[in-house]
Amino acid sequence: MDAGDVYSVGSMRRNSDSIWRNTDDVFSRSSRDEDDEEALRWAALERLPTYNRIRKGILVGAEGESREIDIKRLGHQERKTLMERLVRIAEEDNEKFLLKLKTRMNRVGLDLPTIQVRFEHLTVGAEAYVGTRGLPTLLNSTVNILETVANSLHVLPSRKRPISILHDVSGIVRPCRMTLLLGPPGSGKTSLLLALAGKLNSDLKVSGRVTYNGHELDEFVPERTAAYISQHDLHIGEMTVRETLAFSGRCQGVGTRYEMLAELSRREKAANIKPDTDLDVFMKACSSAAAMEGQQASVVTDYILKILGLEICADTMVGNEMLRGISGGQRKRVTTGEMLVGPARALFMDEISTGLDSSTTFQIVKALRQTIHILAGTALISLLQPAPETYELFDDIILISDGRIVYQGPREHVLEFFEFMGFKCPERKGVADFLQEVTSRKDQEQYWARRGELYSFIPVTEFAEAFQAFHVGRNLVDELAVPFDKEKSHPAALTRSRYGVSKKELLKACIDREFLLMKRNSFVYIFRTFQLLVLSFVAMTIFLRTEMHRNSVADGTVFLGVLFFSIVMVMFNGLAELTMTILKLPVFYKQRDLMFFPAWAYTLPSWILRIPITFLEVGLWNFMSYYVIGFDPNAGRLFRQYLLLILTSQMANSLFRLIAGLGRNMIVANTFGSFALLLVMVLGGFVLSREDVKKWWKWGYWISPMMYAQNAISVNEFLGRSWRKTLSGSTEPVGVSVLKFRGLFTTAKWYWIGVGALFGYVLLFNGLFTVALTYLNPFGIAQAVVSEESLKEKHVNLTGELVELSSTSGKRGSSKNAGEVANESSSGSASAREKAAAASFKNKKGMVLPFVPLSMAFDNIRYSVDMPQEMKARGLSEDRLELLKGVSGSFRPGVLTALMGVSGAGKTTLMDVLSGRKTGGYIEGSISIGGYPKKQETFARISGYCEQNDIHSPHVTVYESLLYSAWLRLPAEVDPETRKMFIEEVMELVELTSLREALVGLPGVVIEVPHALVQCVVYGVIVYSMIGFQWTAAKFFWYLFFMYFTMLYFTFYGMMAVGITPNHNVATIVSAAFYGIWNLFSGFLIPRPRIPVWWRWYYWACPVAWTLYGLVVSQFGDIEEKVEDDTVADFLKDYFGFRHDFLGVVAAVIIGFTVLFASIFAFTIKTLNFQKRSSIMGLLPTEHA
């Protein structure tokens, strides 16, 4: 149910006659006192057929004049004026506005659809490895694969433990009532919401049933009937808030609003009722699909922006980790608004208040309450520690703990139930906080109210059983025993269509968004085009036509090298598609699962809109270089080469998108992308000729797209007129001799075979990309590692028995009764590790490590940024926008200070300034530490800044992450044992002891050194022996040496590229360019002696050239056997310029490149910061909005 629904659907039968008696009544019957002109317009409108009447409206202008408008052509200013009259101040006018909508439908007896959601005996479980066995180490992953195979063959039993997420829960979520879902973290709130919304992962074991108005989930489309609002904020950072909501509205459509509005219009016409013109235009604009087609924003979007308080940042980028944007609280509201603009009538909202201040949360929940109560919606909302005033807005409470429902019913009876159980909420304690803690073994005892009775821990199962005997629980059981009458379900309540709008409109919406994102990322495409121009210039000046001859097969081989380089560069240019696709996949998966659009509507625009860019990029390369290099001077062959390179580029783009869709992870996709490039290049017909490919790899040769491109572009060139002369001693044209020498086909038909094959690959790869996005889910869905301690804790909370669990067996050990557990819980923690830590600290007070208390004072702090261009365009003449205006204060030792303010007030900005984290803007004022002016280098060592963004690496545990941080930040004189004791105290302080084995944290850079060595040894031993190099110790270890340092400098180069560029896209483009240049100057495509003298210097600066030099010379540079007229050593010296006595220098240079790239990477991550920390979003004063 969205606020966009406020206008849509029918009405509850309840009259408010007093409204009609007001002078500003929204409905008025035609009378002689009405304005004649408006009456005439309305009469003319009434005479139109219903279809046309819904598309027209009478809009009153700012000056009070009225005019007939086409709803589809409602402009931005008209929408703004309309919203100002209907809902000027959201906090005050929203309820009045909703009552007007409801009353209009009540007047004609139009019923609102309602949804009652029931869940009966719902159980959700999973199987997982426990403890260190669940960590994704290489050993565990290998054992898991082998164990899965053994389990499938019934050879070994599964070592996975059954994990209960929800256990036999039943209940009802009623329409017209606000239901609050409460429970501690890990209690199963998200799983319950996902189950009710029909979005549970298929890997989970689910039993029980969920029904909407008595209908099973397979009888309709739950993803569109209900809206699940996730706690994770996944958005495209390059889109503004308004664009994000508008796109969501276009995809979700209007549902049944149009049919309901048509019926409303017919009934009003029959009853001779004239509605308020503003209200009529609003409802028509929100209910007509035609009004939303092709619109970048709609009235629904404007309304949601207003009630969520997002108007101030409506035209601001959402932003991401690297792009400055709106604040965290505003991003959370965007996540909520994204679903509210749709037609769903049931809302399942998961922790929507995270990052919001209590005032904003209250306003949002209040607006939702008004919508739910007045327009008969259904809402189940999970909140984490809601403020008392927010808690009071709810009608029903569902309290869940450890997968069991402890209470479900009216808010008024929840305290009565716990008093019935012997617990009382203190007077000054928030009820929501009390409910979160009363089932916890750690906090329960403090609420025990029966002073005459000995306290004993009451587990969750006992609470759940007692609730069944409580009068609210009995009523719930009785109500569930009576099935819902399906006949009472409104025809418009449940949605049975898979998507909200037509396929054509979905495709158009996705095309519009993709085009918008291309404009926002125009720098990437401009940079890529400029880079191609530079590479084209390099290629032209290396293969200059004055240096290119056609007198021998060797000359033809150089031309073949140019053609191969052209193909490789066009393919490398598409590598950026892989990164750009991967970065957008999380948002795609979210929107796909929410039934915004099918996969093909997403993949088609990403393919089609790249075609014009391909024409431009390939055209620049082809038309600039063709005649300068000296290809066959024939216009027809020029354009045929252009067509072939376009198809090659499209094939490469499609291939990398497919790899991204299959890999779904940056590391996996890049690994497979590099592997695919290697295979395609090796089996492409140039590196290895057709005759040299082993018979068991022939299939790879025939399916390689590059083979078709290489053969097609080669026959196009070498069958040209300039290659028709014959060499002495031969009867064949030189062009044909070159083709045969390299094992290429010699007939002209192979050009068109290549064109057809590449076009087929374009279709195939895009089709497979669509299939991959349709059926595959996100890679590596996040799942916490379950520890033994957490399992024991959960078992104790459920049953009151402390069970000793073994990590290698599923059997239970000894157990203790609830009383014993209660006694233990009052004295300390349950886990052995917690007890050990507590024992080690019981005689200590304060921190283990001493420190010097310091005070901080700041005076007249001012922070400003350059005035954004969009704000200057609105008429603001100032050059700077001031965000902190003379802030002063102090922080003293021993005093805990709370920095408070509404979302967007400037809290993070002040803390960024004080901590020295701002990377832009202008800072004025003074900051002192302990009475001395702050020096950032020193302050950074003695301070800790905990940001609101939780940025961690995912592959180390909590304990390992803290240990790593302690080793870096604690003084060197702190011995390792003390350091570990300090970590244990910190973990206990922040209650992380039970999560010490959970994953949060990436291995450092140094790990690449042994990793590359292992790769080198595995690869080197296999390849060296299989190829048949000469088996001598010196040559073998030289081979390993050059392969190892080549892998190492490529690894460090990739890290350097990421460190020196602002984002993944630019890093990929830069890397692709250098890979192409290194390939060109390596000495393989054109040997050093044939490189023009003006470019020969770069040969010595190319690391790949040194690698090739070292590998070739170390293996063949000392061979004196003759090949034709020269020895192998002389041939290498004459043709390539390689000398065996230069091997030591080559080895030193290879090491130098490794050190250079590693040093640049270290320097860049120390000095460069591309995160924009001068954000103005969310801090704009109202007058600037």
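Using the three backbone atoms N, Cα and C, a Cβ is placed for every residue, glycine included.
Please treat TrEMBL annotations as automatic predictions, because they have not gone through curation.
Sequence annotations record features per position, and here TrEMBL assigns compositional bias 'Polar residues' to 807-817. What TrEMBL records for 818-829 is compositional bias 'Low complexity'. Per TrEMBL, domain 'ABC transporter' is recorded for 150-427. Summarising the annotation, TrEMBL assigns region 'Disordered' to 807-829. What TrEMBL records for 523-544, 556-576, 607-629, 641-660, 666-688, 750-776, 1012-1029, 1036-1060, 1066-1086, 1098-1117, 1142-1165 is transmembrane segment.
Here the listed stretches are 523-544, 556-576, 750-776, 1036-1060, 1066-1086, and the one with the most C-beta pairs under 8 angstroms to the transmembrane segment (641-660) is 750-776. Of the ranges 523-544, 666-688, 750-776, 1012-1029, 1036-1060, the one with the most Cβ pairs under 8 Å to the transmembrane segment (1098-1117) is 1036-1060.
Among the recorded stretches 607-629, 666-688, 1012-1029, 1066-1086, 1142-1165, the one sharing the largest number of Cβ pairs closer than 8 Å with the transmembrane segment (523-544) is 607-629. Outside the transmembrane segment (1142-1165), and at least 6 residues removed from its termini, the chain residues within Cβ reach (under 8 Å) are 1005, 1038, 1041-1042, 1045-1046, 1048-1049, 1052-1053, 1055-1056, 1059-1060, 1103, 1106-1107, 1109-1110, 1113-1114, 1117. The recorded stretches the transmembrane segment (1066-1086) and the transmembrane segment (556-576) share 3+ CB pairs below 8 A when only pairs 6 or more apart in sequence are counted, and are therefore in contact. Here the transmembrane segment (556-576) has Cβ contacts under 8 Å with residues 524, 528, 532, 535, 539, 543, 548, 550, 617-618, 621-622, 625, 629, 631, 645, 648-649, 652-653, 655-656, 673, 677, 680-681, 684, 686, 706, 709-710, 713-714, 717-718, 723, 734-735, 737-738, 741-742, 1065, 1068-1069, 1071-1073, 1075-1076, 1079-1080, 1084-1086, 1090 of the same chain, all six or more residues outside its ends. Looking at the domain 'ABC transporter' (150-427) alone, the prediction's average pLDDT is 89.
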